[in-house]
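**Q** This structure is in structure tokens; I'll ask about it shortly.
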Amino acid sequence: LSFKMDFLHRNGVLIIQHLQKDYRAYYNFLNFMSNVGDPRNIFSIYFPLWFQLNQTVGTKMIWVAVIGDWFNLIFKWILFGHRPYWWIQETQIYPNRSSPCLEQFPTTCETGPGSPSGHAMGSSCVWYVMVTAALSNTVSWMDKSSTTLHRLKVLLKSIFWLIQISVCISRVFIATHFPHQVILGVIGGMLVAEAFEHTPGIQTASLSTYLKTNLFLFLFSLGFYLLLRLLDIDLLWSVPIAKKWCANPDWIHIDTTPFAGLVRNLGVLFGLGFAINSEMFLRSCRGENGYKLSFRLLCVVASLTILQLYHFIKIPTHTEHLFYVLSFCKSASIPLTVVALIPYCIHVLMTPSEKKID
């Protein structure tokens, strides 16, 4: 097994060197595609857009993203995957310490284990949900045997794979993943998304279900971590190695640590549970205004605008535990804002004007 992994790593390094040599001019595009696959963009861009247009798809998107990222964390802990930018410095397979040179970038130095790729997994599961939803809605109002429908299916599937390949290449290009890690990520994301295609119960999940799911995900992760610590297996082994071999200390960010992603996802799911079961949501999105296109479009614009302002809220990183608590609160506020607060405010603003017209 060790020989096979060395083979994958060594050939992966050759691919990275080739990409960095021949595609350096496309860095800006590749960096953009890396951001497209960033799990954080799922909550700040894809979710607010889709939820206001189709609540079923938006809700499914959150569940798929959270559960997919949770599985990603567990598999990272199990597989102990190295990242290229530190593996070339730690491995002993290169003679006379003649390690190949890999260029690093501001987004290279992620601190968690590398396999499977979280960006590739998050991108594939969310885009799988979006493309599947688009195909499902199209089939419902078009003739199944029409040429136009067939062409649309081909187009949507082509877009899906084009985005996934671009995200994978970008992650390999910046030397934060080996090729086999991004491939595993894409496959894992699609499997999670497909599983939720056959799980209709999440659309009617109660607040209790959200809280129990959150508690299970947290306790399982914590229990798994503590169990392996008792067996003298440090699941945070990658953090000091990442700090050691990162070319620029400023490129190391606490929000790339394994627990940062877990806390962020738990916060989002927690916030969604409260928002969907809130009185504000029932009065606005499930009320009379919720069926109006003008109301939904206003909610989309307001949500995307306000969530962009969230990027200016910087959480202090000097205390790790405080960072996790504040990160949880900030993440929980995203679905609360998108699902409950903004729709309710727009609902209140629209209602008086309609009464005056009458």
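Each Cβ is built from the backbone N, Cα and C atoms, and glycine gets one as well.
Bear in mind that TrEMBL entries carry predicted annotations, made automatically and left uncurated.
If you look up TrEMBL, you'll see 57-197 marked as domain 'Phosphatidic acid phosphatase type 2/haloperoxidase'. Residues or ranges marked as transmembrane segment by TrEMBL: 61-80, 120-142, 154-174, 180-197, 209-228, 262-282, 294-313, 325-346. For Arg83, Arg171, the entry in TrEMBL reads substrate binding site. TrEMBL lists His119 with the feature active site, proton donor. Among the features that TrEMBL reports, active site, nucleophile is placed at His177.
Surface or core, plus neighbours and distances: that's what I need for these features.
**A** If you look at the transmembrane segment (61-80), the same-chain residues 6 or more away from its ends with a CB under 8 A from one of its CBs are 39, 42-43, 46-47, 50-51, 112-116, 118, 121-122, 125-126, 128-130, 184-185, 188-189, 192-193, 196, 202, 217, 221, 224-225, 228, 235, 237, 258, 261-262, 265-266, 268-269, 272, 335.
Every protein chain considered, the tally of other Cβ atoms within 10 Å of the Cβ of Arg83 (substrate binding site) stands at 25.
Around His119 (active site, proton donor), taking its Cβ as the centre, 28 other Cβ atoms fall within 10 Å, counting all chains.
Residues of the same chain lying 6 or more positions beyond the ends of the transmembrane segment (120-142) and with a Cβ under 8 Å from any Cβ of it are 36-39, 42, 46, 50, 54, 56-57, 60-61, 64-65, 68-69, 71-72, 148-149, 152-153, 156-157, 159-160, 163-164, 167-168, 171, 177, 181-190, 192-194, 196-197.
For His177 (active site, nucleophile), the same-chain residues that are 6 or more apart in sequence and have a Cβ closer than 8 Å to its Cβ are Arg83, Pro84, Gly114, Ser117, His119, Ala120, Arg171, Gly185.
Distant neighbours of the transmembrane segment (262-282): 39-40, 43, 59, 62-63, 65-66, 69-70, 73, 205-207, 209-211, 213-214, 217-218, 221, 255, 324, 327-336, 338-341, 343-344; these residues of the same chain sit at least 6 beyond its ends, with a Cβ under 8 Å from one of its Cβ atoms.
Away from its own ends, the transmembrane segment (325-346) comes close to residues 43-44, 47-48, 51-52, 62, 255, 260, 263-268, 270-272, 274-276, 278, 280-281, 283-285, 289-290, 295, 298-299, 302-303, 306-307, 310, 313, 315-316 of its chain (Cβ-Cβ under 8 Å, at least six residues beyond either end).
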